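What TrEMBL lists as domain 'Transglutaminase-like' is 269-361. Summarising the annotation, TrEMBL assigns active site to Cys277, His335, Asp358. Summarising the annotation, TrEMBL assigns Ca(2+) binding site to Asn398, Asp400, Glu447, Glu452.
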Amino acid sequence: MALLILPPVLSNINWQSKLNKAAHHTSDYSSTEAILRRGQAFKITVNLQRGVQSGDNFTFIASTGPAPAESQQTKAIFNLSEEGASGWSATQEPSEPGCMNFTIFSPADAVIGRYKLKLQTVSGNKVSSTLLGQFVLLFNPWCPNDDVYMANEKERWEYVLNDSGIIFQGLEKHIQQEAWNYGQFEEDILDISLAILDRSLNHRQDPAADVSNRNSPTYVSRVISATVNSNDEKGVVEGKWNGKFRSGTNPLQWSGSVTILRKWHRGRYKPVRYGQCWVFAGVMCTVLRSLGIPTRVITNFNSAHDRNINLSIDEYIDISGKTLHLTEDSVWNFHVWNESWFIRRDLGSFYDGWQVLDATPQERSKGIYQCGPASTRAIKEGDVNLDYDSSFVFAAVNADYVTWIHYSKKIKERIYSDTRKIGKFISTKAVGTNDRVDVTANYKYPEGSLKERRVYKKALKLLGVRSTGKRAKNRRRSSVAWRQNMTPPAQKPSISGKLILDASPVIGQDILLTLALRNLISDFKTIKVKLSASAILYTRKPKAEILKLSRSIKLGSEEVKEISFKISYSQYKNSLTDDRKILVTALCETKQGPSLLVEKDIVLQDPLLTIKVLGPAVVHKAVNVQVTFTNPLSEVVTDCVLRAEGSGLLKEQLRINVARMAPMETSTVQFEIIPYKSGTRQLQVDLVCIHFSDIKGFVMLDVAPAP
């Protein structure tokens with residue numbers, strides 16, 4: 001007998017928004033949509049249009065994706081008071097006349113994303129089906145059965161709910177804090193994060209299979225690492241490390257993810273120009289936190305980019321000490337990536353915990369510019385054969401660093417083999433404060449320890465690399481390679497040296513340096529010193545030579561002597577990159593014995609920028625902010641812009657023109673903010689000027705709730 005269509009039972013639905021958002025820790029999302037976490041009950045109230053009869057049967061249908069199917073876990077059909085095969089279930093609660101209260105449970109391994117919820121009513125031979133509405137289901141770090149479960153409440157607050165943070169940059173001996181506005185709860189950001197998943201290559205190739213796999217944080221995080229960069233699928237950010245940035249934004253001028261993600265979305269998914277590693281990591285942190293995956297930003301100082309994964313980085317210099325690019329390997333002053341917290345069902349419980357992800361497009365993985373997730377446990381133990389990309393990350397923190405003087409195509413001298421240079425001060429923001437936490441011990445055993453060397457040799461073996469640094473399968477060798485590989489360990493020089501800054505280097509001023517040399521033996525020595533300095537990028541790629549000079553110095557038995565020199569502002573002002581970095585080298589040669597190379601990386605410091613909040617910060621109440629800054633140059637500067645942003649404080653980035661500043665002039669700008677979220681908030685200020693690189697600052701505000 002055919003079923004007859006029944007008039008609708010309900011007139012409308014109440015999603016119990018306030019109740020559910022509080023229970024599911026989603027109150028911070030700036031959305032009227034129901035935003036829920038998997039593995040946890042949520043409540044709805046159905047207001048009835050007609051009375052419910054005793055024989056009425058209710059069936060719920062939850063579905064997601066373009067082709068929902070029970071076999072793909074993208075469609076769940078479940079009746080009242082009984083758990084469906086999908087793990088979804090519903091119970092009816094006591095209710096007032098004219099309405100029905102339901103509690104619905106989703107499984108802890110449900111597919112995340114936007115769902116439709118339907119209610120089907122069967123009464124005798126009559127049926128009605130009503131769309132109740134839509135909701136978004138997220139990962140749930142509060143649920144013990146979820147793969148992303150994080151037991152510590154303070155860590156959940158930091159790595160899921162905190163919408164601002166610190167990204168560490170600079171040098172291993174001069175680590176700097178840079179504020180970043182993650183803004184994962186700002187309007188549209190969750191929708192944009194879901195759109196990123198839908199723009200992936202995986203989704204384009206097989207939408208149904210892609211959505212079905214979105215129950216796994218391993219899968220989702222890997223897809224995000226590919227789609228945050230633009231290299232394969234016209235993702236969010238286009239990287240650029242060379243040349244000018246006239247056709248886009250200088251990566252150093254970004255202060256947060258919200259502006260970038262909105263620009264990509266509003267521009268119909270045209271990649272945003274331009275980003276570098278901290279930008280990719282900041283954006284990926286926003287997206288993963290918005291989806292409910294606990295995520296943090298990691299900075300690795302002296303980070304190796306080992307193109308051929310032989311765990312050896314070779315640096316070549318010429319006879320004057322200038323860096324030569326004879327290999328694709330490189331060592332960056334710092335590199336920034338992400339870690340996300342989840343279990344690894346594909347690897348086993350030993351590898352659960354923090355997983356490395358890197359959206360910066362450096363190398364292809366399985367044909368696509370993506371990296372991770374790589375278990376930090378796998379990296380520490382040298383398990384470089386495990387998914388995903390653990391060998392690449394292992395090299396970034398563990399490769400040996402070998403320095404050569406290149407005399408000609410066939411003659412080179414190995415002067416150093418440093419097993420400790422790479423992977424220093426691996427850093428992240430502390431839980432609950434802006435302090436730096438060193439997490440190097442999560443990546444490797446103590447440098448120089450027996451365990452660390454054992455792990456290194458284990459990794460070489462798994463990668464098929466001989467101790468010479470060559471892949472075992474590569475049996476053909478040129479005479480140059482033979483000479484390089486058969487060179488015995490470098491002798492220690494009979495002199496030592498150190499480059500010392502006489503004063504803190506500030507942009508716009510001369511840089512004063514001293515080279516201190518010590519004779520380590522009793523023999524008299526004449527040393528030829530070749531000093532050079534180059535403006536470099538943070539990737540340590542030289543952009544312009546700014547100093548080159550030679551000196552000769554005589555050292556008696558165990559004598560110490562100093563050479564003082566300076567790099568004047570006029571020498572570096574037209575060559576300095578936006579990274580504000582200079583590499584100074586001193587190649588010290590003696591007639592007998594090996595040469596000594598002394599290097600020093602310098603970061604020119606910004607002038608001070610101060611931010612004062614002129615009064616108490618209260619939700620929906622205006623408060624003035626005063627910013628004071630100084631032109632660091634002995635020349636007039638024009639056309640500067642002061643920019644401010646901060647989640648919960650400013651809904652859009654604020655821009656104020658600063659028309660003219662006289663030489664060394666101190667200026668003050670005042671503007672108004674109206675906070676719209678309570679709690680601890682981060683306000684970032686950035687002075688952008690074509691005459692010098694950005695001057696940045698930030699202040700933390702405690703915003704009181706509206707009275």
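A Cβ is built for glycine as well, from the same backbone N, Cα and C atoms used for every other residue.
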Most crowded position, judged by CB atoms within 10 A, among Asp358, Asp400, Glu447, Glu452 as recorded positions: Asp358
Distance check against Cys277 (active site) for the recorded positions His335, Asp358, Asn398, Glu447, Glu452, keeping those with Cα within 10 Å: His335, Asp358
Helix, strand and coil residues within the domain 'Transglutaminase-like' (269-361) as assigned by DSSP: 17 helix, 41 strand, 35 coil
Mean of pLDDT values spanning the domain 'Transglutaminase-like' (269-361): 93
For the Ca(2+) site built from Asn398, Asp400, Glu447, Glu452, further residues of that chain with CB within 8 A of the site's CB center: Thr419, Arg420, Ile422, Gly423, Lys444, Gly448, Arg453, Tyr456
Distance from Asp358 (active site) back to Glu447 (Ca(2+) binding site), taken between C-alpha atoms, in Å: 24
Packing count at Asn398 (Ca(2+) binding site) (other Cβ atoms within 10 Å of its Cβ): 24
Under 8 Å by Cβ from His335 (active site), counting only residues of that chain that are 6 or more apart: Cys277, Thr299, Asn300, Ser303, His305, Thr360, Ala396
Pairwise Cα distance for Asn398 (Ca(2+) binding site)/Asp358 (active site) [Å, integer]: 17
Pairwise Cα distance for Asp400 (Ca(2+) binding site)/Asp358 (active site) [Å, integer]: 22
Integer Cα-Cα distance in angstrom, Asp358 (active site) to Glu452 (Ca(2+) binding site): 24
